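The next block holds one structure in the form of structure tokens; read it before the comments.
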Amino acid sequence: MKILLATTNEGKVRELRQLLKDLDIEILSLKDMDKKLEVEEDKETFLENAIKKATSYAKFYKLPVIAEDSGLEVDALNGLPGIYSARFFDIEFGKEVLKEIPENLSKDEKNNLKLLRLLENQTNRKARYKTALVFYNFDYGIWTEGVCEGQIAYKPEGNQGFGYDPIFIPEGYNKTMAQLTPEEKNKISHRGKAVSKLVEILKKVL
């Protein structure tokens, strides 16, 4: 059975392939598809965005789809970046801290730098990663969610993972997500928890 992962994010594809390895399926990503479809993530929650992506890509490619929307919620910023996590650097909120930005930074590095600058004088650094995962195959849909609690570090550390991993310290750890091995991360991450729930359900229905 072929299942399409509705993402072009190589980090997400890599993690999802590893987490789904126990299922007897062939995994494709959007980069494997000849025809291209852009689905705007314009909903107000991770779950709504994931549902929109799953149904839109399934109808377009005529394939079962696994879609995800995830992000980082920081208490001191009233839940931001939240659904804007992937494009946090570009939104209007917090633009005042974006002076003297080094050139040639990646998108992830820009997002991390903006967040660290906004929290510069903040002692409350509590945060959490959240994800909503949706499987849709025309006959039915399944959704699961995962949360990983933690806090924001004072500087980036580590070179594993992607996104906010270099500045996110999971609860119970004294190092960032980017300092964990992929196996360690998958055991505790928001994505790992959501996929584990989904795999258990899919084993019964596929």
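Every residue, even glycine, has its Cβ placed from backbone N, Cα and C.
According to Swiss-Prot, the active site, proton acceptor annotation covers Asp69. Cβ neighbour count for Asp69 (active site, proton acceptor): 26 (other Cβ atoms within 10 Å of its Cβ, all protein chains included).
Secondary structure at Asp165 (substrate binding site), taken from DSSP and collapsed to helix, strand or coil, is helix. Per Swiss-Prot, substrate binding site is recorded for Thr7, Thr8, Asn9, Glu10, Gly11, Lys12, Ser70, Phe162, Gly163, Tyr164, Asp165, Lys185, His190, Arg191, and the stated evidence type is sequence analysis.
Residues or ranges marked as Mg(2+) binding site by Swiss-Prot on the basis of sequence analysis: Glu40, Asp69.
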So if I draw a 10 Å sphere around the Cβ of Gly163 (substrate binding site), how many other Cβ atoms end up inside it?
22
Residue, out of the binding-site residues Thr7, Asn9, Ser70, whose Cβ gathers the largest set of other Cβ atoms within 10 Å:
Ser70
Indicate whether Gly11 (substrate binding site) is helix, strand or coil by DSSP.
helix
